[in-house]
Amino acid sequence: MAASVSVSVSVSVVPAAAEGLRAAYTSGKTRTYEWRVSQLNAMLKITTRHEKDIVLALNSDLGKHEHEAFLHEISAVSAACRMALKELRLWMKPEKVKTSMTTFPSSGELVPEPYGVVLVISTWNYPILLSLEPVIAAISAGNAVVLKPSEVAPATSEVMAKLLGQYMDASAVKVIEGGVQETTALLEQKWDKIFYTGFLDHKQLALFGDEVPVYLYLNKFSTGNNKVGRIILAAAAQHLTPVILELGGKCPVIVDSNINLTVAVKRLISGKWGCNSGQTCVAPDYVITTKAFASKLVDAISSELERFYGKDPVNSTDMSRIINSRHFERLTKLLDEDKLFGKIVIGGQCDKTNLKIAPTVILDPPLDSLIMTEEIFGPLLPIITVNDIRDGFNFITSKEKPLAAYIFTNDRKLKEDFVQRVSAGGIAVNEVTIHLTDPALPFGGVGESGMGTYHGKYSFEAFSHKKPVLYRGFTGEISARYPPYTTRKLKFLKAAMNGNIIGIIRALLGW
């Protein structure tokens with residue numbers, strides 16, 4: 001086992017840690033297939049040998065049930081490792097490309113090379129998955145990497161620092177724990193790529209106090225806008241560092257009436273309340289249905305919620321709790337707004353002591369209410385009614401582009417129109433959230449919901465530069481490229497650049 005990779009939270013160690021990573025990368029060892037495989041196998045040992053430690057940490061931070069911890073985090077990390085181990089040789093292989101008449105005779109290829117030294121800044125809602133999956137991607141691509149876990153989930157931060165310290169190569173994979181000061185120091189260093197995932201905006205800052213992500217304190221990097229992503233971009237711009245931003249947004253769900261309502265509602269509940277109590281970037285944020293169908297939908301949701309979580313859901317151990325008291329207060333503030341008086345049709349119960357909020361459905365809240373203008377990121381679900389289901393398309397497209405958008409329908413034309421008209425990071429038809437579990441589909445945002453994609457091979461590509469390489473021999477010289485320039489040479493070049501074979505022949509013959 002390697003020496004510990006956990007770094008003291010003292011800010012003074014950050015420059016030295018970055019310098020050490022740079023030295024490890026410069027040595028060339030992280031580029032080798034053997035090193036990458038050794039680190040992926042080490043990561044796999046962490047998830048297989050220490051499942052109990054991870055489950056306990058997730059339960060401590062978020063109250064996650066073992067079932068949810070395994071399904072949404074541990075198994076997903078293991079699957080990413082196994083896929084990388086299986087496909088790595090193929091991913092690393094240069095890709096042959098066709099070359100043009102301009103460079104004839106020649107051959108070309110795209111050679112994947114690592115960016116260098118990368119920074120992964122994780123969040124708290126899926127603190128294992130959203131920390132280790134990008135680290136796996138960075139290692140697969142041959143980078144040296146530093147992971148900054150979220151201090152808002154301290155138990156998982158501690159367990160990752162400990163386990164990565166026991167199993168990983170300390171010179172090229174480091175964990176730096178801490179809070180605002182440590183992450184500020186990290187962002188002041190030069191990195192070759194930054195990966196960040198999060199969801200907060202400035203409207204929510206006051207309720208989070210010291211637990212708000214560091215980037216929001218970086219006044220010298222602030223662009224004056226209210227999105228965290230812009231601040232990360234501004235910080236990265238100091239060194240022209242490329243970034244991947246996974247930011248979230250208000251993910252809509254359209255529910256048509258011509259569906260298997262029971263199956264649709266089960267999937268809706270699973271994606272909203274069964275995924276970390278709604279604290280998920282791709283969780284349904286609001287539902288759109290017709291006025292005529294709304295009562296049936298509400299009744300079905302109520303029935304299935306009771307089946308899943310019982311009559312007293314705040315005491316159900318199958319639902320995760322809210323991450324902390326400040327986040328709890330933010331959610332209750334959304335729920336307690338005067339504009340929602342008489343609009344709560346399911347749930348509403350809150351347990352401040354245990355940080356639990358029952359699954360709550362709000363029917364037709366005012367569109368200018370907080371719950372409809374801010375990302376919810378919790379177990380509250382507004383339902384907006386429209387006269388015609390297609391009116392929902394206009395409502396969605398009038399807002400910022402979400403990280404995910406969903407539709408439940410059996411109408412083929414409605415499906416096609418939804419896919420064509422609605423711009424989102426990803427779309428699922430007759431499903432919610434699980435599209436991001438398929439490694440064949442890239443996961444990422446668009447517009448305000450983020451930039452860059454990862455998962456499966458896309459993760460390897462996200463942390464790789466495809467270096468174009470042109471190969472030529474010493475034959476095939478064309479005098480037309482060199483001085484002295486003549487009319488005949490120009491005619492030849494014009495014909496060659498346009499792919500005009502007859503013109504080339506005429507120029508060569510002097511016609």
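Quick reminder: no glycine exception, Cβ is built from N, Cα and C everywhere.
All TrEMBL annotations are machine predictions without curation.
Per TrEMBL, the feature domain 'Aldehyde dehydrogenase' maps to 15-198, 223-467. As annotated by TrEMBL, active site applies to GLU246, CYS281.
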C-alpha spacing of CYS281 (active site) relative to GLU246 (active site), in angstrom: 9
Cβ neighbours of GLU246 (active site) where a neighbour is any other Cβ within 10 Å: 26
Cβ-Cβ neighbours of CYS281 (active site) (radius 10 Å): 31
Taken over the domain 'Aldehyde dehydrogenase' (15-198), the model's mean pLDDT: 95
